[in-house]
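Working notes, structure below.
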Amino acid sequence: MALGGLFSNRNFTSFTAPGNVYQLGKDLSPQRGDISCAFFARYGRQIAKDPFSRGWHGMRFHAREPLNEKVSKAIPTFQDEVHHCSSISQKSIQCMNMKLNTSRCQCYLPSYPYSCSLIQQRAVYGLGLNKLGKANPACVHYKSEEHDITEPEVDPLASTEGTGEAILLEGNVPQESSWWQKFPKRWVIVLLCFAAFLLCNMDRVNMSIAILPMSQEFKWNSATVGLIQSSFFWGYLLTQILGGIWADKLGGKLVLGFGVVWWSMATILTPIAARFGLPCLLIMRAFMGIGEGVAMPAMNNMLSKWIPVSERSRSLALVYSGMYLGSVVGLAFSPLLIQKFGWPSVFYSFGSLGSLWFALWLKKAYSSPKDDPDLGVEEKRFILEGNVSNAPVSSIPWKLILSKAPVWALIISHFCHNWGTFILLTWMPTYYNQVLKFNLTESGLLCVLPWLTMAASANIGGWIADTLVRKGLSITTVRKIMQSIGFLGPAFFLSQLSHVKTPAMAVLCMVCCQGSDAFSQSGLYSNHQDIGPRYAGVLLGLSNTAGVLAGVFGTAATGLILQRGSWNDVFKVAVALYIIGTLVWNIFSTGEKVLD
């Protein structure tokens with residue numbers, strides 16, 4: 001694409017004889033590699049001063065009419081203002097001493113790929129260009145004794161020394177950039193969300209380790225310990241839907257940043273609250289739940305604006321794998337910190353990490369691509385053309401949302417999914433100890449192995465789902481396939497636990513159960529952005545509220561079942577709900593937008 005420019009004869013009065021306007025005819029530029037030239041346009045300021053580097057650099061002149069007459073008079077002013085030019089460049093400028101029969105002057109600067117690291121950015125901006133060197137096309141006024149040519153006016157170029165109508169370019173000016181500047185900005189947002197979810201579960205699981213020395217110090221019984229553990233969900237349930245509403249109205253950056261700062265402060269203040277008494281500790285744990293409750297809706301809102309459909313599954317899978325890895329890190333480092341520095345150190349160290357994340361978040365994150373001034377043109381076009389809605393939300397159409405069958409498919413399926421998931425995650429240590437007779441303190445690998453498996457399989461499922469979408473498979477079909485794996489896989493492996501004979505096979509079944517469960521990240525957890533990208537935060541808040549309730553009720557119900565029955569009965573209930581979820585999902589869900 002050629003770079004085009006127009007010269008006003010007001011700025012080059014010495015270049016043209018009074019009353020005459022010249023148009024250059026033939027291609028008078030030298031061959032490749034001949035010119036290294038910088039130029040100045042007069043009228044009170046410098047337009048460009050650094051030489052172009054090697055390539056087809058400098059000025060390239062074309063004329064549409066043949067040359068037929070030379071001008072004997074020299075062109076002192078223009079030549080005097082060309083600096084740092086090669087000898088061949090000087091010859092090409094002298095070829096401009098030719099009078100033509102037409103009345104328009106036009107010059108071109110080539111934009112073939114070349115390095116222009118010597119061009120200073122302020123010189124580019126001085127030409128009225130945007131960051132990629134593209135300027136609005138404009139024309140100038142010409143008047144001669146023989147012809148009157150009127151074209152749209154050129155916007156003056158602002159300068160501290162004056163204004164002039166010298167040069168306008170159209171095209172792309174290549175710029176040198178480092179590898180981190182070339183890294184897609186949308187994936188910077190994904191990685192920051194991943195880090196937020198890593199901190200989220202690190203701060204959540206540290207209590208499950210610290211509660212042991214705390215209960216010994218404060219003389220808590222098992223009922224009190226259970227109350228403290230459950231107090232987190234009081235606040236967590238409260239902000240699921242509210243967090244979605246805030247994110248859709250105010251933007252995900254503000255809400256997620258608030259959530260991380262809030263729960264980090266609550267984590268740091270937990271030891272202080274514990275020493276003030278049990279009521280203060282319960283309130284502080286509920287406050288922590290309030291902060292973490294907004295995280296998932298706000299993240300979903302952010303990614304609905306930043307991530308196109310073709311990358312949706314693997315981006316969400318990566319973010320949610322941060323939760324699994326956060327559990328691994330929390331379970332691995334909490335005992336070490338407690339042993340060396342005491343139980344308060346877990347809360348102080350984990351909570352302080354939130355301030356580092358928040359500093360990066362403020363600097364790098366924006367609620368939508370349209371808010372980011374540093375986002376490249378090509379990436380912004382790619383994002384906005386990827387079926388992403390960036391329209392602001394002024395009010396939530398609750399009646400419309402709750403009237404859609406795919407929304408209820410999300411809510412019911414989320415409930416069925418989390419019933420089995422919370423049972424596996426909360427009761428698995430007890431199952432290992434009571435049924436498989438493992439000493440969990442000596443088998444730490446069994447505590448983190450399921451989380452590692454879920455992190456790996458979630459990302460594998462995300463890549464598979466996005467590959468299927470790119471190959472032309474409909475989004476609806478992809479979501480149904482991935483969620484069916486997330487339902488039927490755990491159902492199958494749980495049903496096999498009653499038939500295995502060795503602890504090793506039982507552990508393998510549990511790991512495979514949770515590994516297949518993680519495929520849900522590319523199923524129902526990605527579907528909120530499919531059916532209503534503008535209301536992705538609210539939709540996730542709705543469905544995750546049902547999911548949290550399933551965890552609360554499922555955990556309590558499992559205890560009641562074990563008092564009267566066996567582990568096989570627990571697994572049968574979970575399998576039945578997995579099958580119900582599979583049927584509801586495949587009948588009523590869709591990957592098409594139903595809310596606009």
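Glycine residues also receive a Cβ, built from the backbone N, Cα and C atoms like all the rest.
If you look up TrEMBL, you'll see 187-207 (among others) marked as transmembrane segment.
Residues or ranges marked as domain 'Major facilitator superfamily (MFS) profile' in TrEMBL: 189-593.
Annotated transmembrane segment per TrEMBL: 227-247 (among others), in sequence order.
As annotated by TrEMBL, transmembrane segment applies to 254-276 (among others).
As annotated by TrEMBL, transmembrane segment applies to 282-303 (among others).
If you look up TrEMBL, you'll see 315-337 (among others) marked as transmembrane segment.
Long-range contacts of the transmembrane segment (343-362) within its own chain (CB-CB distance under 8 A, at least 6 residues past either end) are made by residues 192, 195-196, 199, 202-203, 206, 209-210, 213-214, 217, 253, 256-257, 260-261, 263-268, 270-271, 330, 334, 337. Marked as transmembrane segment by TrEMBL: 343-362 (among others).
Annotation source TrEMBL lists transmembrane segment at 407-428 (among others).
Sequence-remote contacts of a segment are chain residues at least 6 beyond its ends whose Cβ falls under 8 Å from one of its Cβ atoms, and for the transmembrane segment (448-469) they are 309-318, 320-321, 324-325, 327-328, 331-332, 424-425, 428, 475, 477-479, 481-482, 485, 507, 510-511, 514-519, 521-522, 526. Marked as transmembrane segment by TrEMBL: 448-469 (among others).
Positions annotated as transmembrane segment by TrEMBL: 535-562 (among others).
The transmembrane segment annotation in TrEMBL covers 569-588 (among others). Within the chain, the transmembrane segment (569-588) has long-range Cβ neighbours (under 8 A, six or more residues past its boundaries) at 405-406, 408-409, 412-413, 415-417, 419-420, 423, 427, 480, 483-484, 487-488, 490-491, 494-495, 497-498, 523-524, 554, 557-558, 561-562.
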Given the transmembrane segment (535-562), its same-chain partners at Cβ distance under 8 Å and 6+ residues beyond its ends are 230, 233, 236-237, 240-248, 252, 255, 296-298, 300-301, 303-304, 393, 396-397, 401, 407, 410-423, 426-427, 524, 528-529, 569-570, 573-574, 595
Whole-number mean of pLDDT values that fall within the domain 'Major facilitator superfamily (MFS) profile' (189-593):
89
Contact set of the transmembrane segment (227-247) with the rest of its chain, CB cutoff 8 A exclusive, min separation 6+ beyond the ends, reads 204, 207-208, 211, 220, 254-256, 259, 278, 281-282, 285-298, 300-302, 396, 535-542, 544-545, 548-549, 551-552
I'm a bit unsure how to read this: which one of 187-207, 282-303, 315-337 has the highest number of Cβ pairs shorter than 8 Å with the transmembrane segment (254-276)?
282-303
